[in-house]
């Protein structure tokens, strides 16, 4: 009765209008997938925080800032004037390139991220809850290792997050 088991936090079951198949959508990370996500009811382990999630995660990200970002400047551009909508178009384009295999996450992050972590191919290193803006933190902890988010909106701009550990 795997289908009756509780889904991991943020995940919901949906029906594809185009294919008529069931898929799973994470409203925290905006990720979607055909396979049922695992890990909904595991708790414990020395690296866990008692709520079934690791005490720390490691993520890389690609940030696209826009004119409404809290600091609309970056190492790439002194004054960022693009709209939020233009930033989202860029993010969605990067996601498509990564998913199609045309580009890899790390090379896009190093070329186009408005965060100084671009110099480390987007790597932010390990972090625990309380260290990042809440939407970024929630998305990072909801991802499984190796999983990439959809667009994640914070005061800094719009991110694509790749959980690496």
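Placement of Cβ uses the backbone N, Cα and C atoms for every residue, glycine included.
According to Swiss-Prot, the protein carries these features:
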- 5-39: domain 'WW' (DOMAIN)
- 54-165: domain 'PpiC' (DOMAIN)
- 48: N6-acetyllysine (MOD_RES)
- 73: phosphoserine (MOD_RES)
- 110: phosphoserine (MOD_RES)
- 33-56: region 'Disordered' (REGION)
### Summary
Per the Cβ under 8 Å criterion, with at least 6 residues separating them from its ends, the domain 'WW' (5-39) contacts 52, 138-139, 142-144, 147-152, 161
### Message
DSSP-wise, what's the residue breakdown of the domain 'WW' (5-39) into helix, strand and coil?
### Response
0 helix, 12 strand, 23 coil
### Query
Helix, strand, coil residue numbers for the domain 'PpiC' (54-165) per DSSP?
39 helix, 27 strand, 46 coil
